[in-house]
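Here is the structure we will look at.
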Amino acid sequence: MARKTPLERYRNIGISAHIDAGKTTTTERILFYTGVNHKIGEVHDGAATMDWMEQEQERGITITSAATTCFWKGMDMSFPEHRINIIDTPGHVDFTIEVERSMRVLDGACMVYCAVGGVQPQSETVWRQANKYRVPRLAFVNKMDRTGANFFKVVDQMKLRLKANPVPIVIPIGAEEHFTGVVDLRKMKAIIWDEASQGMKFRFEDIPAALQASAKEWREKMVEAAAEASEELMNKYLEEGDLSEDEITSGLRARTVAGEIQPMMCGTAFKNKGVQRMLDAVIELLPSPLDVPPVPGFDEDDKAVTRRADDGEKFSALAFKLMTDPFVGQLTFVRVYSGVLAKGDTVYNPVRGKKERIGRIVQMHANERQEVDEIRAGDIAACVGLKDVTTGETLCDPTAIVTLERMVFPEPVIRQAVEPKSKADQEKMGIALSRLAAEDPSFRVSTDEESGQTIIGGMGELHLEIIVDRMRREFGVEANVGKPQVAYRETIRKTVQEAEGKFVRQSGGKGQYGHVVLKIEPNEAGKGIEFIDAIKGGVVPREYIPAVEKGVNEAVTQGVLAGYPVVDVKVTLHFGSYHDVDSNELAFKMAAIFGFKEGCKRASPVILEPMMAVEVETPEDYAGNVMGDLSSRRGMVQGMDDMVGGGKAIKAEVPLSEMFGYSTTLRSMSQGRATYTMEFKHYSEAPRNVSEAIVAARAK
C-alpha cells in the first residue's frame, strides 16, 4: 500500500501551554477548521474532544496527551494537503512528565501564551524541555479579546524570561473587545475573519491607517530575521532593502527549523480568530520528519547508529505513552521513525529482549479511533495488544536491532500510604496500581516493609489525587489515603578511607566468611551511587565482586540516620580477604552491607530534603504577606517580577515539607486572588533542627 501523504507534507507537532492559556480551545479550533469535527467542543462545558478523561472534563485541565491526526490545505486552500499529527500536552506542573514524553517524539511545537498572563511559570518549564530535545517552535498569543491583552508585552517577556528570539509575523488589529483581526506582515494586508461562519471565511483588507507605521517597523524586523538565514538572502536584502514573500518564508523556515528564531502570531481561539493563520505557519515554517536530524540509537554491540525517516529503512519506533482503554484494553502510542509496520508483524523490544506481535493498529482522533492496516515513518499511532512494553522503550525490526535513546524519568518527591476500603478492593487495587504505573513512569508503587502498607509516589499532591481518583473511576477501587510524606534522602559529607565489613559464621562444618574494606566518599550531586572495583592481587576473588556490589546497592536503600535511601556516594572496594572453603557470595554481600553502614556512620551523614521552585502570582496588595509567609516556611525568595496584566510574580525556593496545605493558606491570605505553581528543583541538605526532628519522628 503506497503512502497517501508524502513525508515532506507531514507535521508532527505539540501544542503546549500554561494552564488556562487556552491550549485545549486552540486544539479544538484546529480540529474544527481542519474539518475533523464539525461542532466546536468548548472546555467551559466540559465537552472538548481532546480532554477525554473524565477528570479532565471536570477539572477543565488537560492531563493526558491525546494524539490526533488532521489535514490542512491552507487558509485559502493554496497548499497541497498536509497531514498534521497533534499531540495535546498538559499544562499543569504535576504532569510535566507528559510534556517531556511528547517533546521527545515531536518534530515541532506550538507554544500558546495568554495575552493577559504572558509567560507564566509552566511556560518556562515547557520551554526548557523543548530546548533539551531541540524542538523548533512557533508562539501563538491567545485570548487577544480579553481585558488587559497586550501582544507586544508578551514578545518582550519571551525575550526576558525565556531568553527566546521571537519574530512576530503578524501583529494584532486592536485589542480586548476591539480585537478584530491581524496584519499579515508578509503580505502587508489585514486579515479579517467572518464571525458568522465561525471564522471559516475571511477577507484581506488594506492595513488601517493607524497601524501602517507600526506594521512597517515590525515587517522590517521580520525581513531582517529572514535575511540572516543565508548569505544570498542577506546580500539581496542589503542591495534591495526588501525580500519577496517566498524568500521571507524560506528564510524564516530555515531559521525556525535550526531553532534560532520563534515566529509569533496572535488571535483568540475562543472567538475563532487567528488559529487559521497559525495552521498555515505550522505548514510553512515547522519541519517535516525529513527536516529533522536522523534519530540516534545504539545497535546490539552498543555502537552508535541512526535511523532516517524513510519507508525503505528497517522498522524502528519509540513507545511514548501507554493508556488503558475501557473497550480495547492497553493502547501503546508509538512514533515511527523508520520503515513500515503492518498488522500481524512481529517486532522486537531490545530493552526487554522480547518479541511482540502487533494485533491491531489504530489512529486516534482524541478518543475516537480508526483502524489502519499499516503505519509508516513519521506516523504516530496506537498499537493494541502489546503485552510487555513500557514508556520510553524501543520497538524495532528483529533483523535490525536498535535501541533509541531512553527517556529519563524523575524520582517521586511525595509519597502517600494508600489502603483499600474492603477486601474486594484489595485485589482490584493491585491491578489498578500496576496498570497506572505502567502508563505513567513518574508514578511509583512500593510496599513499606515495616508496616506492609502500599505506598504511592508522584510529582505533587495533584498528581497523586488524580491517581486515586482514576483508581475509583476506571477500576472501581475505593481507597483511603494517608497524609502526604516527603521523600527525604541521605548522603555523606566526609570521606572514610577504610570502612571494614566482616561476616563470619564458623562453628564446625561449612561456615560463612566474607571480609571487605571499602573507601566511602561523597559523589557529585546527581551522580547517584558509584561502585569501583580496585582490588589488586586477588585478595577478594573475581567471582565475589558482583556480590559486594549487590551488597552496597542493597545497603543504600536504607540510610544510617533515618532509614531513607542514600544518594551520591562513591564506594571503592580496595581490600579484603577470603576463606578457601567458607567464602561464598552471601557472605561477601553481607560483609559489604556491614562495611557500608559502618563507614556511613563515620562519614558525617546528613539528611537531604526536596526543594521546590515555587512561583506565586498575586495582586500587588498581597505581595508583602505572600513573601513573609514564604520566608516563614524556610523559603528563599529569589525575585519578584511585574506581570503583564498587573500584579506580581514572586519566585522562591521552598522545602516541600513546608508546602503541604499551602493552597488553602494562600487562598485565605489573598481572598482567593493569588495562584501558585510548584515544581521539584533539587535536593538540599536539611538544617540541623529539621534533621533532628526527622530522625526523631522516624525513631518513634
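Backbone N, Cα and C define each Cβ position, glycine as well.
Quick look at what Swiss-Prot annotates:
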DOMAIN    8-290  domain 'tr-type G'
BINDING   17-24, 88-92, 142-145  GTP binding site
Report summary line: Over the domain 'tr-type G' (8-290) the mean pLDDT stands at 80
Requested in this report: Translate the DSSP assignment of Ala17 (GTP binding site) into the three-state scheme.
Outcome: strand
Query raised in the report: In sequence order, which residues at least six apart in the same chain have a CB under 8 Å from the CB of Met144 (GTP binding site)?
Result: Ala115, Phe151, Pro172, Ala175, Glu176, Phe179, Cys266, Gly267, Thr268, Lys273, Gly274
Report summary line: Using a 10 Å radius on the Cβ of Ala17 (GTP binding site), the other Cβ atoms enclosed count 28
